[in-house]
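Asks: Supplied in structure tokens, the structure appears directly below.
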């Protein structure tokens with residue numbers, strides 16, 4: 001094993017969950033957290049110091065780490081303004097620092113920032129204080145950049161600091177005090193061997209700020225935290241010890257005890273006694289203090305059976321592939337654990353039922369495999385469809401939680417396997433992050449209920465965050481996704497409103513992470529696109545395997561907002577000008593570019609394969625039947641030439657097409673957005689694969705399947721269909737609706753008679769006009785919500801358009817978007833970013849028309 005591999009293992013075996021075995025109170029706070037393998041986050045160390053996502057080392061390390069640690073909105077009723085950390089609500093989950101979620105918090109007077117880990121499994125907030133260079137970590141290297149120097153707290157230099165006396169009701173270990181006036185000591189013994197935090201308690205100011213898009217008013221909250229002059233917060237087991245590599249600059253406890261920050265904030269009436277965490281498949285998420293969830297969320301009581309309460313709930317039923325087993329057991333919802341841990345009989349029930357229903361050959365483990373999971377199944381080299389049983393949990397009270405992310409895909413020598421990502425536990429049951437993926441989990445400590453609601457973590461009215469790729473669109477079992485839309489809500493914090501947007505003014509966090517989003521697909525492992533919708537009654541989930549290659553091939557593809565910041569800072573301006581020039585000469589260019597981008601993403605991911613020219617007998621995508629009417633290729637080719645002149649060999653054709661599609665929408669009067677960057681260009685393009693494109697004749701079931709196989713939801717389906725608000729269609733695409741529709745109707749009865757008559761005039765039976773057809777809507781060059789109004793009037797061209805009225809969910813969205821252009825535009829932006837983040841390329845072409 002190489003030195004790099006050995007070093008990576010050391011980092012990966014660090015602690016994630018930090019449940020405390022001993023130790024130790026109405027507005028809304030919001031911040032955002034990112035997965036340990038998120039690309040912004042991976043920048044805390046050089047990428048080559050981390051394991052390949054999806055590799056055996058990746059999963060083995062996380063399982064090992066979990067075993068070490070595993071024990072560890074209705075808005076506020078007083079309608080207070082939401083608040084967040086002074087440096088903004090962005091947080092990041094840092095893999096090199098024990099896989100915990102980190103945020104910049106600001107404490108003391110004068111204010112100092114600290115990079116603290118967020119942990120629901122422990123209660124106390126502690127900071128390193130007055131420690132020597134040998135007992136504290138004073139900084140950490142950012143990749144390719146300077147060392148980020150950590151602050152060390154000192155009560156002697158903060159004018160608002162005071163030590164907590166032993167006589168205080170906050171001092172639980174007063175029996176260890178020599179006198180009532182002594183400073184209160186504390187000791188937290190974590191359940192990982194040899195891991196603890198020891199010090200004394202102090203009080204100081206936690207600096208917050210309002211976050212309501214109106215003002216940024218400072219808010220100060222007096223909180224109690226641990227003063228750690230030295231820490232044994234390291235592993236002292238058989239693992240190699242990396243001093244203080246877990247929470248080196250502090251830990252922010254989110255547990256239920258009175259000493260935790262949420263408890264203190266509630267007791268001081270800063271916020272209600274509840275918070276939520278939203279989880280997406282790449283680990284991007286959001287944490288919001290004061291969020292009590294919504295009236296339509298699932299809920300189950302929190303059990304208070306322990307002397308040290310945790311977020312413990314009861315599960316009454318497990319369903320796997322439609323096979324239901326009644327079995328009541330308790331489990332802890334632990335955001336600090338990657339996978340789910342169950343003891344018997346729950347483990348045997350879920351694993352053996354899954355195994356009995358699995359369609360693929362079970363993998364026979366070898367001694368060299370060291371697989372972290374027991375139930376794994378082999379994927380063949382040419383396998384494109386993966387089906388596995390749906391896992392469903394019924395909680396006490398009867399509400400159900402559909403598990404969106406129960407499997408992990410692992411790359412191995414000679415192929416790959418997928419595994420049921422559940423580990424057999426010999427102690428407590430833990431519902432880990434993989435079972436929470438795709439949900440906003442609400443920890444309502446006032447009502448003592450745990451709530452959940454399906455969420456993409458970004459479809460929030462006030463969020464300026466990019467939508468995340470859904471859990472269905474991920475490589476391995478924990479996932480990937482990201483941030484940035486417009487902030488335009490003025491009622492954040494009001495009852496029923498959404499939490500505040502993601503913000504990040506911290507230069508330190510930005511240096512340790514790509515401050516933008518991180519749409520990441522590890523194409524060097526196995527890339528999986530999507531599951532069936534959670535609404536589906538199909539007992540098996542279906543995934544499409546887009547690529548299956550050896551783990552030793554290309555590195556992971558990471559998207560970020562600042563990908564070209566140093567290498568080609570003017571690329572977007574160059575592309576925008578090229579699109580604008582072309583549009584001035586031809587008003588149909590914007591619709592053509594938007595459609596081209598859509599068709600590109602729906603075949604092999606957004607890899608510019610649609611731009612490749614046919615060669616010999618190999619017909620490329622652009623010559624496939626569904627793409628024969630595509631035009632505007634010259635716009636991308638010209639833009640590429642200009643970009644190459646400015647930045648040779650740097651910018652992919654796939655990124656240029658993504659920019660151009662965005663610019664096309666803007667030039668048509670639609671919204672703008674930040675396009676995540678860093679796509680690679682594909683080397684394969686086949687005309688035969690264009691059959692995968694959703695056809696204008698599709699019904700709602702066919703549309704749903706097509707979108708879900710690409711990680712796109714029903715919401716995305718309706719929003720992206722709104723792209724039909726610009727453009728033109730040939731008669732052949734809707735001919736079947738206006739003549740010989742079926743045995744009883746000549747014309748589709750869902751089509752307005754006068755509209756059908758006008759189309760019959762445009763497209764006569766013996767039509768000799770080469771390009772006869774109709775505009776998608778009367779305002780065919782204006783990006784607006786007219787399309788949705790036309791659906792309700794029966795005046796759209798395609799059967800697939802009218803099909804949006806055939807399910808309650810899609811029909812409701814059509815009505816919503818027809819009545820609110822703003823709602824449509826927000827949804828469209830979110831869905832465009834999701835779709836454009838599907839990428840499977842391998843190179844940066846010099847010429848968009850041919851591979852290198």
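Count begins at 1; order follows the chain as displayed.
Cβ atoms here come from the backbone N, Cα and C positions, even for glycine.
Whatever TrEMBL says is automated annotation, not expert-curated.
Feature table excerpt (TrEMBL):
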type	residues	note
DOMAIN	101-453	domain 'Peptidase A1'
REGION	477-507	region 'Disordered'
DISULFID	568-647	disulfide bond
DISULFID	601-606	disulfide bond
DISULFID	653-848	disulfide bond
BINDING	694	substrate binding site
DISULFID	731-763	disulfide bond
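If you look at the structure here, what lies around each of the features I listed?
Replies: Taken together, the residues in the domain 'Peptidase A1' (101-453) have a mean pLDDT of 82 on the 0 to 100 scale.
In sequence order, 643, 646, 647, 650, 651 are the residues of the chain that are 6 or more apart from residue 568 (disulfide bond) and have a CB within less than 8 Å of its CB. Residue 568 (disulfide bond) falls outside any helix or strand according to DSSP and counts as coil.
DSSP assigns residue 606 (disulfide bond) to coil in the three-state reduction, outside any helix or strand. Less than 8 angstroms from the CB of residue 606 (disulfide bond) sit 597, 600, 654, 657, 658, 679, 835, 836, 837, 838, 839, each of them six or more residues away in the same chain.
If you draw a 10 Å sphere around the CB of residue 653 (disulfide bond), it holds 31 other CB atoms from the protein chains shown. Under the DSSP three-state reduction, residue 653 (disulfide bond) is assigned to helix.
Annotation note: residue 694 (substrate binding site) sits in a coil segment as assigned by DSSP.
Under a cutoff of 8 A between CB atoms, and with a sequence separation of 6+ in the same chain, the neighbours of residue 763 (disulfide bond) are 731, 734, 735, 738, 772, 773, 774.
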Asks: Go through 601, 647, 731, our disulfide-bonded residues, and report the one whose Cβ sees the most other Cβ atoms within 10 Å.
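Replies: Output for this query is 601.
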Asks: Among the disulfide-bonded residues listed here (601, 653, 848), which has the Cα closest to the Cα of residue 694 (substrate binding site)?
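Replies: Checked the disulfide-bonded residues 601, 653, 848; minimum Cα distance to residue 694 (substrate binding site) goes to 601.
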Asks: I'm trying to understand the geometry here, so how far is the Cα atom of residue 848 (disulfide bond) from the Cα atom of residue 601 (disulfide bond), in Å to the nearest whole number?
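Replies: Per the Cα atoms, residue 848 (disulfide bond) and residue 601 (disulfide bond) stand 16 Å apart.
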Asks: Would you mind reading off the Cα separation of residue 653 (disulfide bond) from residue 601 (disulfide bond), to the nearest angstrom?
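Replies: About 13 Å separates the two Cα atoms.
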